Structures are given as structure tokens and as C-alpha cells.
């Protein structure tokens, strides 16, 4: 069997005997209240932690063994309402009281007293701890005690140590979170100048306000006139467009089309004049009983009448 296992089996976990207490006191006076590993070697079955806890909680001259006073009870209740089960923090507020003694006193007496009497555990009376962390709190004794020597430091009640860590892991600790206050800043009463959004073309004077909705007519939107209403046309351009349309209607067709028509008419007229000349020649030779016109008289007359009608309608007299 290994040495660590043998040592664990030889550990004594029961209460301390008076002989062990006397030996511990002598060893602390000899080696000081800090050399717990060295002290534990002289006490069979006791570890350094066990020696330290026995000294700090019971054998130290700074530890008070008297009953808790009413003032101490009120201080514990106020501190517990603020810090919860942070017994080491609360013990710094009471001289001569250990965190273990305060915890036992709370669980055995004060907790039941608050639940039975229906107290809120938050006294507003005189005496005890008033919850003001700004004031100087009583000095906490050193962890090892020893002749009432103080560390010379004011420990903050908010710093966890010792039994605070073990109590926080138990699940019954009260958690106090700061409350964030939201402050609403007053907005300026001055109104901003109105903002305008123009939906018209640059040369128009019509403007539409942002905060005023655009009124749309369903018929107008369906007919495709929505763009015309949002983008009005200048009167000058509208007049020019109307004049161009009027010219187009009065002048007939475009220039290219008119050129083609004129060429067709010119060709037709030349053909017509050639037919007339051939008709005249045919008329002069008809007296000799020779030939006649190249086409029948009825067809020639109809063709001549059609050509004369075209020439008269267009108004062309003579074309080269």
C-alpha cells in the first residue's frame, strides 16, 4: 500500500480532544499561526487545514464564545439582506465573530426567527450595520490569529473569501444585480424646416411635400396617365408638338415618301405623253387605212381618263 493511501486512512476527521487542543496551542505559540504544514506534522491524524480551522474558529484568542447580542443580530440580518450567504464578508463587520459561527447562528436562530415572526430582515432602527460601505468597517483579525495582531488593512465587505465561495456554490445565495435606470432625454421643441421632394421635371414649379401622400386616381393609373401627371410637359413644347403634328397632317407624308411618289408620277406622265404622241401618229395614219393605235380605243380612253384624273388630283401641269 502506498504512503499517500496510508496517510489518508490514518487521518482523523472527528472532533478534537482536549489533548489535541492543548498541543495545537503550544505549537502555534512555538511556530506561529501560519506554519500549518509544520504544525500538522506534530499532531498525528490532523492535516494542516484541519489545524488552521480549529485554531481560527475555536482556539484563537480573538474568537468570541459568548452569546450573540441583539445588536450583532441586527447587524447580521442587515448584512445578510445585502450580501446573502457571504459569511466571510459578514464576519468582517463583527469583531471576534468567525464566518463559521455567524453561519451557524443564522441557520440555527436568526433564519427561523425571521420566518416565524414574518420580519423582512431589513431593520431600519438604530445600531448595527446600516449598509453604508463608505464608512470604515471594523478590522478583521488575521486568518491565523495570534496575539490579536491586525493586518492593518480594511477589507471590503464585497470581496469574497473563505466560506463565501462554498456558500455561493450551494445554490441558496442571493444574487444582487445593479438596476440600470433609463433616462429619457427631452427632445428639442424646435421644429425643423419642412422638407420638399420634387417629382416634376427641373423646369416645373410643382412640388410635392414628403409628408403629403400622392393622390392617385385608379383610372389614371390604369390608362397609363400616371407618368404624365407626375412629369408634366411644358406648354411651349406642347405647342411645338401640336404644330409639327398639324404640319404632318397638312403636308401629307414624309420627304422620302413624297420623293418616291413624285418619281412614280413623273414616270407615269412620261408614259402618258408618249402614248399621246403615238395616238396622234396613229390617228394621222388611220386615214390611209394603214395602222391604228396600238391598243383598242376603249382601253386607251380609259387609261387616258385615269391618268388625267391622277394629274388633276395632284396638280402637276408639266414635269421634265
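The first residue you see is number 1, and the count goes up from there.
Every residue, even glycine, has its Cβ placed from backbone N, Cα and C.
Feature annotation (Swiss-Prot): of 48-89, 90-131, 132-173, 174-215, the stretch labelled region 'Disordered' is 132-173. Swiss-Prot tags one of the stretches 36-59, 228-251 as DNA-binding region, and that stretch is 36-59. For the DNA-binding region (87-110), residue counts in helix, strand and coil come to 17 helix, 0 strand, 7 coil, using DSSP.
According to DSSP, the domain 'HTH myb-type 1' (8-63) comprises 33 helix, 0 strand, 23 coil.
Predicted-model confidence for the domain 'HTH myb-type 2' (65-114) is 87, expressed as mean pLDDT.
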